[in-house]
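Student: The structure under discussion is supplied below as C-alpha cells; questions concerning it will follow.
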Amino acid sequence: MAIVEVADLRKEYGGFPAVEGSSFSIERGEVFGVVGPNGAGKTTTLKMLAGLVEPSGGSATVVGHEPGEPAMQRRLGFLPEESPLYEEMTAIEYLTFFADLYDVAADVARDRIDGTLDRLDLEHRNRRIGNMSKGMKRKVAIARALVNDPDVLIFDEPASGLDPLTTNYIIEFTRELSEDGKTIVFSAHNLFHVESICDRIAVMNDGRIVARGTIEEIREAHGGTEYHVYATADGSHGDGLGEIEVARENGRVRHVVSEMSDVETIREIVEADDGRVTDIQTKTPTLEEIFLEIASTSDSDGEAEA
Amino acid sequence: MNEGEQATGPIRHRAILVARRLAGSVGRTARIARWEVSRSTGTIDRKTILVVAAMILVVGAVGLSVADDGLGLEDELYVVGVDENDPYADVAAESDRFRSVPLEAIEISEDGSESNVDVVVTPDGELGYVGENGQQAFDAFRDAIESYNDERMANAEDEIAAYPVLVTVDYQERDPIESGGTSQSERADSDGTTDSDGTGSDAADDPATGSIEDGGETGTLTNGGDDEDGLQVPDVGGTVAEQSTPGTPETLSPPFPFQSLVLAFLFIVPMNFLIQAYGSTIMDERIKRRGELLLVSPSSRYEIVAGKTLPYVLGLVAIVVATAAVIGGGVLSVAAAIPIALVFLGSTFAGAMLARSFKELTFVTVTISVFLTTYTFVPAIFTDVTPIALISPLTLVVMDLQGDPVAVGEYLFSTIPFYLSALVLFLLGIGIYREEDMFAQKPIPAKVVDAITSQIDAISSRVHAYWSPFALSILFIPFVFAAQLLAVALLFVVPEAIALPVMFIIAAVIEEFAKSIHVYAGFARGRFESSIRVAVVVGALSGLGFFVGEKITHVGQLVGLPELTISMAAFGPELSSDLSVALLLALFLAPLVLHVVTATVSAVGARRGPATYAAALVVATLVHALYNLGVVALVV
C-alpha cells in the first residue's frame, strides 16, 4: 500500500487556483520528486501534504492519516524551503526542544541528535545558531526534520542557495536517507539533483501535474532518444522515413530522426546521391530539456501519465 | 461482566482517552511555555534587564511611598525659622511639607534675596517670608496652620466647644442625566411629589440636597460610607482614614479617591511594558516564518498559543500579586486586575496576528496601551460618584483599597466583559494562527475577515454552517457590551439633548455591525451560498443569536445601570411592573423581531459584496436607531 496517497488535491487562494486536481501515490522507501517552474504549485502541494495548508478539495493521506493529524505529524519530517530557526538558541538546545515536542525520550533524543549531527558533519553544536554559516544552519534544519525518526520526509528545496560543496553533501545525505528506507518527497529547481536521486517525479506547471513517472518513462514520453546523422548530401527525400528534421551546418546536412531504421535509410539515400555519412550521434535529452519542453507546451494540456 | 460493567466500559475507555489526550496537551503546552521562557531569556540583553529592573524599582518605590503616606513629593519642601517653644513650631512639625530651624540659625543675605529659610515666625508671633519661594511657602504655611487647627478641633474633648453648630452632609449617588424629569431623589420622595426647585421646603427629606439640622450638638460631618449599596462612598480628602471626620466647611471636597487611583494605576503600568515583549514574540513567529515548524509538529495551534502565552500570563499574575502586596490591595484587587491583564494580552495577541510588520505592531501595541489604559483608568475616577465607573475593573481595585464593599454582581458586571473579550480575542487570533494567514501580507481588514471565517469553519465542523452566525453573534456580545459601556461613559457628561440621539446611533451601529460582520465574512469567503434564501436564513439566525446572547448577558441589570437614561439608549429600558402583560410580552419580544429583521437586511446586502453590505448596514442601523428611540420614548 502506498505511504502517500493524493487524489484530486486542489487549493485555491481567493479564487485563484494554486493547485488543480493533483493525483499521485508514493510507495514506501521511494524518492519522489516534484519539479516545476516558480508558481507551479510545488510548495503548496508539499505544504498540503505536511498539514500546513488546508486543501480546498480532494484528499490526501500520509502514513494512513490525513495531513494535520497528530499521529501523522509524529511520523513526518518537514524541511521547508527557508530555514526558520531560533537563532538565539544553540543547535543542541534547538534540536532537543523539538525532540521534546515530539515526545522523544531524552536519552534517545540525545543519541539521535548526536548521531545525525555526526552524519551531517556539523561541528560547533553548542554555538548559537545565529552565529552559524548558511550551510551549517541548513544542516541543523535537516537534523530537526529527522529528530523524530520520521517515516516520510518532505524536503522542499533542501539545497537552495547553498554552495556546491554543501549542496552535494546534502544531496548525498538525502540519498543515504533513502537507502535507510525513508520515503522522501523532494522538490528542487536543480533538475540534475532530481534526476540523480529521484525514483519517480511529477512535473507541475500552472498548478497542474503535466507529467509523472520514472525519469525514463518521462524521457520516453517527452522526447526519447534522437539520432543526429551528419552527411555530405541530403538524405531526407526517401520513402517511408518517419518524422525528420533537416538542417545545414558547416557544409554538412544534419538529419534528426528517432528510429534507428531511419538512420540506415538516410545512409542509403545519401550514398545513392554520391554523398557519404560523416558522423552519427545519439542524443538523450536531459530532464531539464524535457522540463522546458513540457513547461512550454503544457498550457492547454491535461495531466499526462508518462 | 454484568450489563452495568458492559455499559460503563466504553465510557471509561473514552474517559481514559480524553484524560490522556488532555495530559498530552498540557504536557506539550508546558514544554512550549518552558521553551518560550528559556528562548526569550536568551534574547534579552543587559540593557533591557537594567531598564526592567529600574522600572520595577520605580513602581515598587512609588507604590510603597503612596501606600505609606502619599506621594511625598513635597516633603520638607519649605523651611520655617521658628523658636522650638513657639506654638507654630508644632504646625511645622505636624506638616510633612515643612522643616523647622531655630531662629538663631537663620541666615539672610544683605539684600534679603537669599536665605536658608522661607518663612519666619518672630518671637512675638508674627509671620513673614523671605527669599524666592517665600510667598508660596507663606501661603502653604497658612494652610498648614488651618489644617492644624481643624485637626485640633476635631480631636477636642469638648466637641460642642469646638463645633457650636454642626452640619450633617450626606453624599448621595448622583443621576446626572435625569429621565423624563424623574430623578432618583424625586423617586425617593415619600409623598410621590416633586420638589419645585429641588432644594425647597422638604429638603430635609430629600437626601440629594443634604440637610441642615439645628440642635447641632448631636450632629457630625459624615459621609455615605455606611450605605449598604457601597457605591456612593464619598471620600472627604480622598482617603479611607479621613472618613467620618468632623471638620469645617472649607475642608469639604468633592469625593475623589486620588490616592487609591494612583495605587490602582500601578497595576496597569507593568502591563503596558509586558505586552511589548509578548507582541514581539508572536510577531517573531510570523515575520521570520519560525512558527511554520511548530505548526508541523504534533502540537495544535491552541497548544502553541497557550504555551507561548502562559509565561506572560504567569508573569502578569505575579506582577499583579506583588503590586497588590506592595500597595495593600487584597484578593479583590488581584481578581480585578487579572481580567485587565488578560485583555491586554488578548488584544496584543490578536493585534500581533493582524500586523504586517514590526512597525505596524508598534502602532497596534501603543493603540492598545492607550485605549485600555484610558478605558480602565478614566471610569475609575468616578468610583465614588456613579455605577458607570464599574465598567472598569480598576474601579473594584479602588473600592478595595478604600475598604468599600463589593457585591458579587458588581464584580461580575465589571469583569465578565473583560474575561469574555479576552477569550474571543484569543479565539480570533488563533483562528488565523495557521500557515495560510500567519505569513501572508494581506490588508488588516481582510485578515479580520479571515479570522472570523476561521471561527465559521470551526463551528461548521460541528453543526451546519448556517448556525455559525447564531453562535458568533453570541460570541461578539462581550465586545458589544464593552463598546456600548465605553460610549455610555464617554457621553456621560454630555448634555442629554446631544447624548441621547448620539447614543441611539452608536448603540445601533455597534449592534448591527456585530450582528452582520460574520455573515459578511461567510459570504465573502464563500462559506455561504450567495442567494437570497441563504441570506435570509443566516441573517435571521444571526439576529436570533444576538437576541439570545443579549438576554443571557444582560448583566447591566445587576447594578441597575439601565436606570440611567443614557444607558437605556444603549441597553434598552428596564421594564416597569405597571405595564400590562401583553405590552410586557411585546416589549420583550420586540428586540427579537428587530434583531432578526435588521440582521436579515444586512445579510441580504452582504451577499453581494462590500459596497452593498455597507449600504444595507446603514439601513439596518437607521431602523435600529429609530426602534431604540421609539421604545425608550414608549417606556420612559
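Positions of Cβ are set from backbone N, Cα and C atoms, glycine also.
All TrEMBL annotations are machine predictions without curation.
TrEMBL lists these features:
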- B:191-211: compositional bias 'Low complexity' (COMPBIAS)
- B:241-251: compositional bias 'Polar residues' (COMPBIAS)
- B:174-253: region 'Disordered' (REGION)
- B:48-67: transmembrane segment (TRANSMEM)
- B:258-279: transmembrane segment (TRANSMEM)
- B:309-328: transmembrane segment (TRANSMEM)
- B:334-354: transmembrane segment (TRANSMEM)
- B:361-391: transmembrane segment (TRANSMEM)
- B:411-433: transmembrane segment (TRANSMEM)
- B:470-492: transmembrane segment (TRANSMEM)
- B:498-520: transmembrane segment (TRANSMEM)
- B:532-549: transmembrane segment (TRANSMEM)
- B:581-606: transmembrane segment (TRANSMEM)
- B:613-635: transmembrane segment (TRANSMEM)
Student: For the transmembrane segment (B:532-549), what are the same-chain contacts with Cβ under 8 Å, counting residues 6+ beyond its ends?
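Tutor: For the transmembrane segment (B:532-549), the list is 466-467, 469-477, 511, 514-516, 518-519, 522-523, 591-592, 594-604, 606-607.
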Student: Suppose I define contact as three or more CB-CB distances under 8 A, residues 6 or more apart in sequence; do the transmembrane segment (B:411-433) and the transmembrane segment (B:581-606) meet it?
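Tutor: Touching, no - the transmembrane segment (B:411-433) and the transmembrane segment (B:581-606) miss the threshold of 3 or more Cβ pairs under 8 Å.
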Student: Should anything in the same chain at least six residues away from the transmembrane segment (B:258-279) have a Cβ under 8 Å from its Cβ atoms, list it; otherwise answer none.
Tutor: 40, 52, 55-56, 59, 62-63, 66-67, 70-71, 238-239, 309, 312, 315-316, 319-320, 323-324, 326-329, 333, 337, 340-341, 344-345, 348-349, 351-352, 361, 364-365, 368-369, 372-373, 376-377, 380-381, 383, 394, 397-398, 401-402
Student: Would you mind listing the long-range same-chain contacts of the transmembrane segment (B:498-520), meaning Cβ under 8 Å and 6+ residues beyond its ends?
Tutor: 177, 449, 452, 455-456, 468-469, 472-473, 476-477, 479-480, 483-484, 487-488, 491-492, 528, 535, 538-539, 542-543, 546, 565-566, 569-571, 595, 598-599, 602-603, 606, 610, 613, 616-617, 620-622, 624-625, 628-629, 632
